[in-house]
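Structure record follows, encoded as structure tokens.
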Amino acid sequence: MSDLTRLTAVEIAGLVAGGETSAVEVTQAHLDRIAAVDDRVRAFLHVDTDGALAAARAVDERRAAGEELGPLAGVPVAVKDVLTTKGVPTTVGSKILEGWRPPYDSTIVQRLRDAGTVMLGKTNMDEFAMGSSTEYSAYGATHNPWDLDRIPGGSGGGSAAALAAYEAPLAIGSDTGGSIRQPGAVTGTVGAKPTYGGTSRYGLVAFSSSLDTPGPCARTVLDAALLHQAIGGHDPRDSTSIPAPVPDVVAAARLGATGDLTGVKLGVVTEFSGEGAEPGVLAAFRESVDTLAKLGAEIVEVSCPHFRYALPAYYLIAPSECSSNLARFDGVRFGLRVGDDGNRSLEEVMQLTREAGFGPEVKRRIMIGTYALSSGYYDAYYGQAQKVRTLITRDFTAAFERVDALISPTTPFVAFPLGARTSDPYQMYLADLYTIPTNLYGGPGISVPCGLSEGLPVGLQVMAPTMADDRMYRVAAALESAVGTLTPPVL
Ligand code: GLN
């Protein structure tokens with residue numbers, strides 16, 4: 001079977017469980033696909049061929065022994081290089097961790113193994129998950145399978161591109177300000193940011209700890225829900241993990257797939273549905289709103305007046321937390337060490353290591369964050385941003401008294417050409433204009449393909465109350481049932 005790479009995770013798991021194909025055959029098909037296209041896409045930083053085939057063999061043996069297999073057993077998955085993988089390189093897209101092989105698995109990766117999925121390798125990302133295009137990766141950019149001269153989004157562009165290029169049916173991302181949803185939108189795939197604390201941060205290399213949320217990426221809403229279910233839920237190793245079961249996102253996705261949204265009330269965010277987005281993005285979004293109404297949803301406009309302050313607040317809070325988190329990269333404990341010739345002081349070695357190991361965007365954020373936290377400026381910057389965060393949360397709370405979920409375009413623009421925004425950080429930051437409020441609030445958000453603009457994918461974002469992740473899956477699956485999945489030009 002040469003078309004195993006075109007199947008959904010549900011289809012693959014069904015074929016493996018029914019003995020119509022083997023996990024090894026499925027895995028080999030994806031490894032072959034990676035070998036055929038990844039020199040052009042560059043989605044992967046590391047392909048773990050031996051580990052993948054060994055995991056696949058283990059699934060086939062369990063099946064042969066008559067063991068009950070889980071709903072994702074034998075399905076390949078690509079993992080963003082922000083999550084630790086025991087013995088497998090983990091770089092976070094940075095030179096400072098080059099060569100580091102973590103001594104332990106992150107909780108997400110452990111749960112992927114427990115579910116019988118097959119990890120193909122680690123995907124490319126902007127350094128330390130800071131960016132919206134993967135161009136800030138220290139290992140070179142990933143290319144969008146829809147148009148290889150364009151960005152695949154970021155920071156998890158590798159995971160999204162791997163899906164769109166049929167190199168993997170499932171992938172893991174992490175979303176601090178939009179890094180799952182925005183790459184999903186610009187590659188025509190599905191990306192979900194779970195409720196903060198709904199997925200474990202144990203073994204997720206920290207960027208901004210009050211925002212970082214690992215989550216599922218897939219080509220269909222149901223596949224994303226199954227992956228969400230497999231990786232989510234309480235983890236005692238993460239102090240902010242929510243001690244409650246994952247909302248039944250799989251049942252919600254199945255319900256949504258019936259295409260009936262009767263009784264569901266959706267709020268179009270006024271501030272994110274006017275000027276500010278490209279006309280083609282707005283047109284696709286507007287058409288999808290009509291579709292959602294035809295499926296039975298009641299649509300109203302909801303103003304969230306503080307959302308316009310989300311971007312500036314985020315660009316104080318995230319760098320502040322990053323400046324603290326990234327202090328651990330000292331040239332002593334992990335990865336790179338520069339200038340340790342026996343004559344230099346510890347401080348000099350730290351300086352040389354950090355100078356050589358961090359890229360320009362990471363340095364910019366560390367400097368901004370250090371400044372915003374310094375005494376005399378703390379109240380004016382970090383303190384003020386935290387107050388704005390509270391106002392944004394109040395906007396969400398008030399909105400969810402009126403509607404079940406909020407909707408907007410996922411990003412203001414489609415995939416832009418590589419290099420178009422690297423010289424102006426602010427232009428890059430705008431990619432997450434619509435996704436950041438959800439992170440500051442802590443609720444869940446999903447991006448689902450909603451159409452094309454000039455031949456490139458557009459995503460619609462659904463935002464739900466905290467711990468109501470199931471609601472967004474229902475709406476996203478309903479839209480998908482009407483719009484269909486988007487298929488990129490064949491590579
Ligand atoms: N693009 C945003 C940033 O650069 C979001 C990143 C993320 O979600 N990891 O910070």
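Placed from the backbone N, Cα and C atoms, the Cβ positions cover glycine too.
Features as listed in TrEMBL:
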type	residues	note
ACT_SITE	LYS80	active site, charge relay system
ACT_SITE	SER155	active site, charge relay system
ACT_SITE	SER179	active site, acyl-ester intermediate
DOMAIN	25-471	domain 'Amidase'
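In sequence order, LYS122, THR123, MET125, GLY156, GLY158, SER159, ALA171, ILE172, GLY173, SER174 constitute the residues six or more apart from LYS80 (active site, charge relay system) in its chain with CB-CB distances below 8 Å. The two recorded residues SER155 (active site, charge relay system) and the residue listed as 'active site, acyl-ester intermediate' have their Cα atoms spaced 5 Å from each other.
On the 0 to 100 pLDDT scale, the model's mean across the domain 'Amidase' (25-471) is 97. Under the three-state DSSP scheme, SER179 (active site, acyl-ester intermediate) falls in the coil class.
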